[in-house]
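The domain 'Radical SAM core' annotation in Swiss-Prot covers 50-279. The [4Fe-4S] cluster binding site annotation in Swiss-Prot covers CYS65, CYS69, CYS72 and is backed by sequence analysis. Swiss-Prot lists CYS110, CYS142, CYS202, ARG274 with the feature [2Fe-2S] cluster binding site, giving sequence analysis as the kind of evidence.
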Amino acid sequence: MSDTVVSLTASPAAIRHDWTLAEIQAIHDMPLLDLVHRAGVVHRAHNDPADIQRAALLSIKTGGCPEDCAYCPQSAHHKGANLPRERLMPVDAVLKEAAAAKANGAHRFCMGAAWRKPKDGPDFDAVLEMVRGVRGLGMEACVTLGMLTQSQAQRLAEAGLTSYNHNLDTGPEFYGDIISTRTYDDRLQTLEHVRQAGIGVCCGGIVGMGERVRDRAEMLLVLANHAPHPESVPINALVAVEGTPLEDRPPIDPLDLVRMCATARIVMPKARVRLSAGRKSLTREAQILCFLAGANSIFYGERLLTTANNEADADAELLRDIGVPVPEVTLAAAE
């Protein structure tokens, strides 16, 4: 084992914002059992291991996005994905879904709109009303709307938004292979607007798009050296959708997700590490290994924007089996 890793495993990780790429790669590449143990030690030093957040995710405006993200069926550039373009959902319909999610045990309600950036006007005003409504239900509220101005971020903060999702997707070197219509700096600027408004940052990425391990480490480096760390870090496995440029990418090894969850936990000890898209392909045992490695949030519900997710009953059973208290489901879906 390298001296770098030995020094990192001597005691639970402190909160740092000065990580190097070499350190993060060394952590990621540790023998798996050592890595999971190390991440578990850090996780238990900073978090309650029985506290696994359940977040629900709803697409409030689907399809027709002008961005060309290679993984996304919502892009207007990927005609073969055959995803219809829809208008923004009515506020009352969204809040009905939020109430159902809460009854199913969700703590947070996340809303995603397929926009490059929201325009000020009726649609943005409606999103603000959705945020206020979700907060009124006693839930955390998160939205992902694309790039934001500082003024828009401030208005979302005033509406009570808990967190804003704006993923980096991958490391800066590989980024240009995945998207050309928005720069890495564009993404970082939106994250800065969100921070300046006092909103929690939800930011992570996707593995399995053809990137190198170095690219994954570079993404974590960017996130871990932001101060403060993101409030939550979604770790997604690519869901290869027919009609997108990445439709033929093979599934990743589940242990790659375990390594990403563990590394994210070690370098960002207090962040919510969210096991996100692609979880449906994991066995119960692989998911439990991710929890041991420090994942402490999941998307709860049978769809994630446009892709399938685990059934709520199966998730509830899994969480109960590992000792996480989950209320009995009282409402399976919005009527």
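In case you wondered, yes, glycine gets a Cβ from its N, Cα and C as well.
Within 8 Å of the centroid of the Cβ atoms of CYS65, CYS69, CYS72, where the record puts [4Fe-4S] cluster, the same chain has further Cβ atoms from GLU67, ASP68, TYR71, PRO73, GLN74, SER75, HIS77, HIS78, ALA114, ILE179. Its Cβ taken as reference, CYS110 ([2Fe-2S] cluster binding site) is surrounded by 30 other Cβ atoms within 10 Å in the chains shown. Rounded to a whole number, the C-alpha distance linking ARG274 ([2Fe-2S] cluster binding site) with CYS65 ([4Fe-4S] cluster binding site) is 25 angstrom. Averaged over the domain 'Radical SAM core' (50-279), the predicted model reaches a pLDDT of 94. Residues CYS110, CYS142, CYS202, ARG274 make up the record's [2Fe-2S] cluster site, and a Cβ search at 8 Å around their centroid adds ALA55, LEU57, ARG108, THR144, SER163, ASN165, SER232, PRO234, SER297 from the same chain. The two recorded residues, CYS142 ([2Fe-2S] cluster binding site) and CYS72 ([4Fe-4S] cluster binding site), show a Cα separation of 20 Å. According to its DSSP assignment, CYS142 ([2Fe-2S] cluster binding site) is in a strand.
Note: the Cα of CYS110 ([2Fe-2S] cluster binding site) and the Cα of CYS65 ([4Fe-4S] cluster binding site) are spaced 18 Å from each other.
In the three-state DSSP assignment, the secondary structure recorded for CYS72 ([4Fe-4S] cluster binding site) is coil. Listed in sequence order, SER75, ASP169, ILE178, ILE179 are the same-chain residues six or more apart from CYS69 ([4Fe-4S] cluster binding site) with CB atoms under 8 A from its CB.
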